[in-house]
Amino acid sequence: MILRPFSHPILPVITKLAFLNIKFQPGRKMANVSMAMKQFSRRISTISSNNNPFSVCVVGSGPAGFYTAEKILKKHEEARVDIIDRLPTPFGLVRSGVAPDHPETKIVMNQFSRVVQNDRCSFFGNVALGSSVSLSELRDFYDVVVLAYGAESDRVLGVPGEDLKGIYSAREFVWWYNGHPDYSQLDPDLKSNDTAVVLGQGNVALDVARILLRPTAELASTDIASHAVAALEESCVRKVYLVGRRGPVQAACTAKELRELLGTKGLSVNINEADLAKTPADEEELRNNRIHRRIYELLSKAASSGASTSSAERQLNFVFFRKPDRFLESDTRSGCVAGVRLEKTVVRENGGKQVAIGTGDFEEIQSGLVLKSIGYKSVPVDGLPFDHNRGVVPNIEGRVTSDDASAADGLQQFEKGLYVCGWLKRGPTGIIATNLYCAEGTVNSISEDIEKGVLTPLSISTRKPGREGLLQLLDSKNIRYVPFESWEKIDNEEKRQGWLKNKPREKLTTWTELMKTASD
């Protein structure tokens, strides 16, 4: 005779009675019994919910990814969240994009660390979407997949000479001085040039200009990569041109970033006062936009203060109403950039916006170092709908829209269980806090779909494997992932080395160093 374990639906309830802590005593009034039964019902509902968890995979461990994970964990007690990232280090652009002399901005990493320390959340570093695991595999493993991997490429100008040596994107340069392992060997030539041209006037452009012009003694006490400090100490760059297509009224930076750049020690600031002349359209724009008004005031004050003194060690030149027409090749160094040809522009209203129109007049700036700060760009992956013109994933409130335009049911126009957040959702705009509201919108969409039953498993037999499926796949491919505990080893080692140099941390900047430290 074969003995089979006895099973009955009431058994799970009986095993939880101690947890429920509901006591029935002789003589208890019926009202109290009724109250106890209501409590019993609520607890049973909670147990049922916790016994039917849904799995979530967030791709990307930057602000968008962590804010998404945090909101899901808070809103859904039954959720289990895994965050994967192709790097062995978490925090995305907070680590590799925020300027080293902005430590206050990086405090948010403490908040993100608390998220992943939740028992229902795990981090998997060194797991790349596309090579380590495909999108289709993730969708097979998880009930919900949220893509928040940001933008790891750059927009292009599409002008002649853009591929000459000495021309870099601002992203590449930022990742170089921030110790990103993909760009620690970039080695920009700062010795052969006394002039650098930065195309763009947004916050990233201002960061790049400030790093080039700020005294290295001030940078040395930050978490800037050691190879960048060494190169900047030997840099011959003393003059930076910040070039913008439109005028000072339309400058895309924030007042905080501009104020900091203008206050750089030993810096001469040059602005053509004629560029500050305002049109009626400019006046209207300044009346309606407090931020632009404050930026214009700062630029006007810098232009009128006579900051361009001969005793200044370094020089910053704001160049407005210019757009790049072509890059000039050096006569003596084949394949290397020697300057930029700029076309003068005027600003005209077009469709409610003020746009730059070329005039046919040109001028040149000689420089062997050009940094393009014209915008980041997201990259697609196999199986993902993608708008190549906008560089985003087509979505409605974070739900990825389907390529199948023939679906009649409104819900079927979306890719079931697939969502986006951050730059991949809205484009490379905003500050870190912008991702908080972006994540809230995406998580609200997920919650609505759960409530409607769109994401509910039909039965236990159809439940997706979640983390277990991912672990089995990584094991079968012999991929060594980096859990958060191993990241903490990297974190501790960087802080230890930084303490020896009076820095917050000394970043490990190569894949070999990072992976070795993670495994020690």
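Even glycines carry a Cβ here, placed using N, Cα and C.
Values in this document were obtained by computation on a predicted structure and should not be read as measured data.
Residues or ranges marked as FAD binding site by TrEMBL: ALA64, LEU93, LEU129, TRP423, GLY430, ILE431, ILE432.
For GLN201, GLY202, ASN203, VAL204, ARG245, ARG246, GLU257, GLY430, the entry in TrEMBL reads NADP(+) binding site. Taking Cβ-Cβ distances under 8 Å and a sequence gap of 6 or more within the same chain, the neighbours of ARG245 (NADP(+) binding site) are PHE321, ARG322, LYS323, THR345, ALA356.
Annotation source TrEMBL lists domain 'FAD/NAD(P)-binding' at 55-217. Over the domain 'FAD/NAD(P)-binding' (55-217) the predicted model carries a mean pLDDT of 96.
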Spatially, which candidate from the binding-site residues GLY202, VAL204, ARG246, GLU257 is nearest to LEU93 (FAD binding site), comparing Cα atoms?
VAL204
Per 10 Å Cβ neighbour count, which of the binding-site residues LEU93, LEU129, VAL204 ranks highest?
VAL204
Where GLN201 (NADP(+) binding site) and TRP423 (FAD binding site) are concerned, what is their Cα separation in Å, rounded?
20
So which one is it: of the binding-site residues ALA64, ILE431, which has the fewest other Cβ atoms within 10 Å?
ILE431
Write down the Cα-Cα distance for ASN203 (NADP(+) binding site) and ALA64 (FAD binding site), rounded and given in Å.
19
On a C-alpha basis, identify the one among LEU129, ILE431, ILE432 that is nearest to VAL204 (NADP(+) binding site); the candidates are the binding-site residues.
ILE431
